[in-house]
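Now, the feature entries from TrEMBL:
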type     : residues  : note
REGION   : B:1-23    : region 'Disordered'
TRANSMEM : B:32-56   : transmembrane segment
DOMAIN   : B:88-301  : domain 'ABC transmembrane type-1'
TRANSMEM : B:93-113  : transmembrane segment
TRANSMEM : B:125-145 : transmembrane segment
TRANSMEM : B:177-197 : transmembrane segment
TRANSMEM : B:231-248 : transmembrane segment
TRANSMEM : B:282-304 : transmembrane segment
């Protein structure tokens, strides 16, 4: 062998080693340890650390926790997946099940779950469990790819102290307001309390991105047709809902104006007792224990259908397809999602409402801490909540498009009907593109 | 056989190259090859391969997880019809208007700092603090400062009777707001380079000019500005490259790309397509276009600069 070729071989060899070093550092391969990647607040980290320690003690498996903030989770996880360093157990949303399952990133865990002593699927919310079923074609049916970390019903609340001071009867938990009734109350509580000519308290203060759903759905409006091929926001029902939403500010002035809302977020204003009605989710509960006013939950006010509506978030915990110890990984999933002790401590930490139906009812019956009407959360899950519109589409660009140029409507410079009519074709174009992408990535096109 | 014969050196072997004789030489060669191999390896792994990979990926439909599917020039065609691509490209170019303003301000500051007066060290430090601060922290601070109601900026404007806008939520003011912050952030760095350049201008040039009766302003235009040209050139090139990649401040201060995408920059849009919309192939195609644009602009600047060469002998 000549010297030149020796050197070339050496170079190639070192390149190969380097490439191997870059690509091959996935799981440790150690069957007695697992990595668990998740996201959340410091409260959640504390609660999960405790749950994981219990699991370690019980199973003898060591668990490395990788925690990120909510913002950076998706980016980090994706980088881990592309780099072949997939954690053994990790969070994902229902929208990712399809692509992860098709790409062989996650594995089906039905037989582990069914064989598990910890899990009783009949005692878990259908919405939570079904969100992670996938039969290779459609979500919501077939084998399980994850168990819910939680279900997050987005409910509605009121400041009881403020309503009482204004001499208004407290909302009935079973008899929702109509939009007209609600508007009257909003106008009544929107006041300048100190007489300086400036409004100090408002009826409500909502964010269009997270609250339009309740109004649109309750009025019979829909984002998509049933098989998610058509954007249907250009209907009178939808326009009426968006117009009502925008009129709350521009016509009736019962919410802080856009500028005022940016000055002090409506969330802060609510906590300072300046707002009468505000959305409340389970993850708010620990923070809201310290509010210096009385508050409780109620159904969202209803539009044309007469039925309240809202959305439920959920995250799942699933197992990497490449894990060295699928049994232990599935056990960890079962422990976090369905173990009664874990669920009790997570619920007590205020991180979530229990995944176990019987425990959730117990939790709802406890009226010693606010909100007294915890049942409302369960009603959202069992009765009137649904997934956010982009959950089951390939990407949310079509959905984001609705909000990208919505400002003129919120400022009253454009009618909702005009805006929706011009936004619909743009949204449709993005949806078509997303559906194409989805088919291409599944190899069916 | 005599002793002499025995001690005779072996006949030179003409079939072997002479360097083969010295083991020291050979060892040096190997060491040299090793030293050369490292950067070459680094280049191949971290530059050549990613670029090649990006070029290939830009012709595919890829979500970053499943296998890429070739789709020809679809991504490039899509770019031409994508209004948000053009909008974010336009925003990126528009925000570069901040570069000349920033350079002018930093030159003025450098001139001020170059004078002999008390406290210059203090001010130099103060102006340099934004440069070394975390961009994320700065973006959050400025986000508060720009708050429509209680923000520092509008409070200050309030004292002189101006009712300030809600900076980051208004399509007309969101871009300028970010530009002002970018200028502020970059000021210290440009100032420092200008200051160093100012101090290296030979004093005798000014003395000679003064003897010839040149005024301070004439000296500035005839001596200072030409002598600073290499630094200006360096700053313009690096600022444009940096400006083309502006991302963090956008993502923190206006997480949705601003009202009506008014602050969405190209890199921000690329990131969004790649990670939020799973269009990794499309995002790579846009990155390549951005890379080519930056390369073209930089090449153009070098070409223009060559014509401006001057010497002082």
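Placed from the backbone N, Cα and C atoms, the Cβ positions cover glycine too.
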Feature contact check the transmembrane segment (B:93-113) with the transmembrane segment (B:231-248), CB under 8 Å, 3 or more pairs: yes
Other parts of the chain folded back onto the transmembrane segment (B:32-56), taken as Cβ under 8 Å at six or more residues beyond its ends: 68, 284, 287-288
Residue numbers, six or more beyond the limits of the transmembrane segment (B:177-197), whose CB comes under 8 Å of its CB atoms: 95, 97-98, 101-103, 105-107, 109-110, 113-114, 124, 127-131, 135, 138-139, 142, 146, 167-168, 227-228, 230-231, 234-235, 239, 243, 246, 249-250, 253-254, 263
